[in-house]
Amino acid sequence: MSQGEAAGRGTAKPQDQGWAWMVLLAAVVLQGLTLGFPCCIGIFFTDLQQEFQASNSETSWFPSIMVAVLHGGGPLCSILVKRFGCRFVVMLGGLLSGLGMVSSSFCKSISQLYLTAGLITGLGSCFSFQAGVTVLGYYFVRWRTLANAVASTGVSLGFTLWPLLSQYLLDEMGWRNTFLIFGGILLNCCVCGAIMRPIQLASGSLPQSAQPKEEPGSRAKEEQLSNGASPHHPTLQQHTKRTKCFQMLQKYLAFDIFCQNKGYQIYTIGVTWMMMGFALPHVYLVPYAIHNGVEERKAALLISIIGFINIFIRPLTGLLSGHRVFTGRRIYLFSLAVLLCGLSNFICIISAEFSVLILYCVILSIAMSGVGALTFQVLMDVVEMDRFSSALGLFTILESTTLLIGPPLTGLLVDITSDFHYVFYTSSFFLISAALFMGLSFCALEKKNKLREASKAHLDNPSRYQYSEMSTEPKAVSQSPPAVEYITSI
């Protein structure tokens, strides 16, 4: 065995085996504690309204801020991970999440909840979740796809257990003591972070994103210095600042990809529009059921049903979408899942009986599993992997904006009309329109690309023969423009 092979085996030893599976278990718990947590907030909706005498719109800002910060804090989390490492950021997120919920138990107004549970807990959950997903990429290489699929089951477990625990604690202790206990539970993110110890890899085995690259502005700076410009010259300093700012934006917010890549542009706009209605059932389903006479325990059970079905359907959806038959067609599966989400809302409009709501939860959970399993997979299909992190940064910020404003605007509509049916009308409108927009736009884009390739192939083959015939006649050659000669000769 050569020294290179021995070194390669030595560096791969910590990966895909041993402690890596403990890290995977910690990632499962972590996703249940972070992504699964906001699903239980709807259970406290009525109690918070009565406690603070708040409207539906005012109360819905609390979970909206939490979810928006959870999704939109990705670029900030990436900066911290690069500076301090995944383990530190996961534990920092756990401290912030616990501090936010403990502080929430002492709030005297609904606006204070926006800061404590909304901003602080949401930001802590973002740090813990995204850094926990990042560390899996270092611990797993061969089994990376399996590891991410297994880790995502933690979200479904959270969806199942958080509502049941919330309703029990709310009945026994009230919402303030429940939030205090939640703070202690979320501190377990620190335990998960402690398990995620840094892994030592050889320089050749580092991910591409971790390897040093030449900065685009460094060459221009060297040229100016070689021409005699002082590094302290004001013009050079301003140029350096602008270059660094541009590099930061390009690294974490891919505006250049958004302008140049039509697929990424369509998908980002579609998902951003979709998020206006996607979170509405999670926020308003329990208040809607209670408003129509369903017992509180049964109403809380509805969210758990969604999570329980997700445990089994989401991995199956991921495996199905990974089949080679769906290569290049996952966007259509995603659009179909979004369309099913929108159509399922009409079940709630027809009836609010508990048995009907169970049927709604089953169908919605199946559709949600498809959306959850395919969201980032489709994004990987439409952008190159070396720019995926920056594309993800802009993607999450835009979708978090609509996640933030969707529930409060719908709550305002409910306050004006006193009719919860508008929640599901609004959700269906955004989901169905987004599904049709993405499906039809990608279909048109695919046809356009096929026509372009066909015309290019037609120009390549016949034009080459045409050029050879023209070259035998000096007059024809002299009359043809140079640009055409250059193109046809390629």
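Any Cβ shown, glycine's included, is placed from N, Cα and C.
Unlike curated records, TrEMBL annotations are generated automatically.
Remember, predicted model here, so these are calculated numbers, not experimental data.
In TrEMBL this protein carries:
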- 212-224: compositional bias 'Basic and acidic residues' (COMPBIAS)
- 20-451: domain 'Major facilitator superfamily (MFS) profile' (DOMAIN)
- 206-239: region 'Disordered' (REGION)
- 21-45: transmembrane segment (TRANSMEM)
- 61-81: transmembrane segment (TRANSMEM)
- 88-106: transmembrane segment (TRANSMEM)
- 112-139: transmembrane segment (TRANSMEM)
- 146-165: transmembrane segment (TRANSMEM)
- 177-196: transmembrane segment (TRANSMEM)
- 266-287: transmembrane segment (TRANSMEM)
- 299-319: transmembrane segment (TRANSMEM)
- 331-351: transmembrane segment (TRANSMEM)
- 357-379: transmembrane segment (TRANSMEM)
- 391-410: transmembrane segment (TRANSMEM)
- 422-445: transmembrane segment (TRANSMEM)
*Contact between the transmembrane segment (299-319) and the transmembrane segment (266-287) (at least 3 Cβ pairs under 8 Å, separation 6+)*: yes
*Restricting to the same chain and to residues at least six past its boundaries, which positions have a Cβ under 8 Å from a Cβ of the transmembrane segment (331-351)?*
267, 274, 277-278, 281, 285, 288, 321, 357, 359-360, 363-364, 366-371, 374-375, 378, 381-382, 421, 424-425, 427-432, 434-436, 438-439, 442-443
*Between the transmembrane segment (88-106) and the transmembrane segment (266-287), are there at least three Cβ pairs closer than 8 Å, leaving out pairs fewer than 6 positions apart?*
no
*In the predicted model, what is the mean pLDDT computed over the domain 'Major facilitator superfamily (MFS) profile' (20-451)?*
84
_Proximity of the transmembrane segment (146-165) to the transmembrane segment (266-287), 3+ C-beta pairs under 8 angstroms_ = no
*Decide whether the stretches the transmembrane segment (177-196) and the transmembrane segment (21-45) have at least 3 CB pairs under 8 angstroms, with pairs required to be 6 or more apart in sequence.*
yes
